[in-house]
Amino acid sequence: MMLIECPNCGPRNETEFSYGGQAHVAYPEDPNALSDKEWSRYLFYRENSKGIFAERWVHSGGCRKWFNALRDTATYEFKAVYRAGEPRPELNTQGGSR
């Protein structure tokens, strides 16, 4: 069992959460003006890097609020969690979390 830190409720079981994709992806200002290729890039093209990755999560089995997290995709370890709308935190060089 893995615990995920909800910024509103505290640590909870991973089964209470749902993954929401890459964080900090801006919605197009005028989606109707996009070509099919540009729209498909917005919808489907995301980073797929190994290491620290900013992600969106929702506490679907709890407060039902969205938040962002920095997670190491190689180890699954959550390095930091922060509320939606807040800037991405800087991690210190020792791998500490917020």
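Using N, Cα and C of the backbone, Cβ positions are placed for all residues, glycine too.
Look at Swiss-Prot and you will find CYS6, CYS9, HIS59, CYS63 tagged as Zn(2+) binding site, backed by similarity to another entry.
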Problem - Three-state secondary structure, HIS59 (Zn(2+) binding site) (per DSSP) - result: coil
Exercise for the section: Please work out the number of neighbouring Cβ atoms within 10 Å of the Cβ of CYS9 (Zn(2+) binding site), leaving out its own Cβ. Expected result: 14
